[in-house]
Amino acid sequence: MAHAVKIYDTCIGCTQCVRACPTDVLEMIPWDGCKANQIASAPRTEDCVGCKRCESRCPTDFLSVRVYLGNETTRSMGLSY
């Protein structure tokens, strides 16, 4: 089962989500659009286990996790979009 990680533009570059992820799905990349000049990115979504630790640590609710089976969304993980 794959999980998709959606990054929103409210990231403040605090790195809380990156440090919370047990499977290193997230990383910080340079970004001119936020105060910290970096934003979370999810280059390894195939490693996401859907634990949502990143979501719970985020102070701005900037990301969400959805569960996918194949190419089709089968259920959301109780998040508002």
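Start at 1 and count along the chain as shown; that gives each residue its number.
Note that Cβ sites are derived from N, Cα and C of the backbone, with glycine treated the same way.
Record features (Swiss-Prot):
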- CYS11, CYS14, CYS17, CYS58: [4Fe-4S] cluster 1 binding site (BINDING)
- CYS21, CYS48, CYS51, CYS54: [4Fe-4S] cluster 2 binding site (BINDING)
- 2-31: domain '4Fe-4S ferredoxin-type 1' (DOMAIN)
- 39-68: domain '4Fe-4S ferredoxin-type 2' (DOMAIN)
Three-class DSSP secondary structure - CYS51 ([4Fe-4S] cluster 2 binding site): coil
Shortest C-alpha distance to CYS48 ([4Fe-4S] cluster 2 binding site) - which of the binding-site residues CYS11, CYS17, CYS58: CYS17
Fewest other C-beta atoms within 10 angstroms, as judged across CYS11, CYS21, CYS48, CYS51, which are the binding-site residues: CYS51
Pairwise CA distance, CYS54 ([4Fe-4S] cluster 2 binding site) versus CYS11 ([4Fe-4S] cluster 1 binding site), rounded so that it is a whole Å: 12
Count of other CB atoms lying within 10 Å of the CB belonging to CYS14 ([4Fe-4S] cluster 1 binding site): 19
Using Cα positions only, nearest of the binding-site residues to CYS21 ([4Fe-4S] cluster 2 binding site) (CYS11, CYS14, CYS58): CYS58
Nonlocal neighbours by CB distance (under 8 Å) for CYS58 ([4Fe-4S] cluster 1 binding site), same chain, sequence gap 6 or more: GLN16, CYS17
Local Cβ density at CYS54 ([4Fe-4S] cluster 2 binding site) - other Cβ atoms counted within 10 Å: 24
CYS51 ([4Fe-4S] cluster 2 binding site) to CYS11 ([4Fe-4S] cluster 1 binding site) - Cα separation in whole Å: 20
